[in-house]
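Asker: Dropping the structure in here first, questions after.
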């Protein structure tokens with residue numbers, strides 16, 4: 001029996017660092033959306049008690065450092081599963097890009113194993129497992145437009161956004177999320193008004209939404225990688241309604257109210273970076 005799951009990428013329309021918790025992690029407030037740039041996870045059972053991962057990508061580890069392996073290992077141990085599993089990852093989401101590729105693959109693995117082994121986990125049980133792996137995994141279990149709070153474990157669905165076009169630009173380097181979070185100074189970091197952004201979404205006010213979007217991590221990443229600022233400027237000069245880094249970077253995305261605008265931004269960036277994508281929001 002094979003189980004097939006689609007694993008969509010995510011974007012941060014808003015990412016605010018509210019402070020540092022006593023355990024060293026940060027309290028977050030984020031608004032996230034899913035886009036139609038997808039990885040695909042195919043899972044089948046093995047007789048041997050092991051976890052085997054293979055992929056069409058050579059840009060990530062296929063051992064216990066992979067979030068997919070961690071998801072399978074936690075579930076096997078938690079539910080006393082003595083069977084093995086083969087996990088095939090077909091990658092389209094760039095690695096170490098701020099698009100949640102590892103997190104969405106882990107979430108897809110949790111959903112798939114729940115079906116394969118008939119574990120009958122409810123959403124909260126899957127979230128608890130996902131949160132052990134990473135702060136974006138709980139969101140990726142359900143996706144869509146959502147408010148994400150705490151350390152990532154609190155996910156509250158929001159209304160679907162109006163249709164629009166997204167252009168993604170991924171520079172030719174990756175970013176370590178841990179290294180960016182290590183450099184956060186909660187006293188001086190730029191803040192994002194997530195409540196205002198949420199209000200704009202609830203009232204379907206597109207203009208207010210794009211004005212309210214922001215990312216507290218952007219300045220830190222730009223200090224290390226100034227090309228991100230150049231990408232934003234080029235996108236805005238090409239007619240993007242907004243240009244913003246997602247996650248800890250380095251991917252920059254623009255939102256465009258029409259496909260014509262998106263095509264103009266896309267064409268302006270193709271000669272500047274190798275990895276440029278035109279996608280839609282998932283509804």
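Numbering starts at 1 and runs along the chain as displayed.
Every residue, even glycine, has its Cβ placed from backbone N, Cα and C.
The model shown is predicted, which means the values in this text are computed figures rather than measured ones.
Got these off Swiss-Prot a minute ago, pasting:
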type     : residues                                        : note
ACT_SITE : 10                                              : active site
BINDING  : 94, 95, 96, 97, 98, 99, 100, 101, 102, 103, 104 : ATP binding site
ACT_SITE : 136                                             : active site
Asker: Around the ATP site formed by 94, 95, 96, 97, 98, 99, 100, 101, 102, 103, 104, which additional residues qualify by having Cβ within 8 Å of the site's Cβ center?
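Answerer: Same chain, not in 94, 95, 96, 97, 98, 99, 100, 101, 102, 103, 104, Cβ within 8 Å: 9, 93, 247.
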Asker: Does residue 100 (ATP binding site) have same-chain partners at least 6 apart in sequence with Cβ under 8 Å from its own Cβ, and which are they?
Answerer: 9, 10, 93, 136, 139, 140, 247
Asker: If I restrict to non-local contacts, at least six residues apart, and a C-beta distance under 8 angstroms, what lies near residue 96 (ATP binding site) in its own chain?
Answerer: 174, 175, 176
Asker: What does DSSP assign residue 10 (active site), in three states?
Answerer: strand
Asker: I'd like to know which of the binding-site residues 94, 98, 102 has the most other Cβ atoms within 10 Å of its Cβ.
Answerer: 98
Asker: For residue 94 (ATP binding site), what is the secondary structure state per DSSP, taken as helix, strand or coil?
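Answerer: In the DSSP reduction, residue 94 (ATP binding site) maps to coil.
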Asker: Can you tell me the three-state DSSP label for residue 100 (ATP binding site)?
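Answerer: Where residue 100 (ATP binding site) sits, the three-state DSSP reduction gives coil.
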Asker: Long-range same-chain neighbours of residue 104 (ATP binding site), Cβ under 8 Å, sequence gap at least 6?
Answerer: 7, 8, 9, 10, 39, 93, 136, 140, 143
Asker: Ten-angstrom check, please: count other Cβ atoms within 10 Å of the Cβ of residue 136 (active site), all chains counted.
Answerer: 28
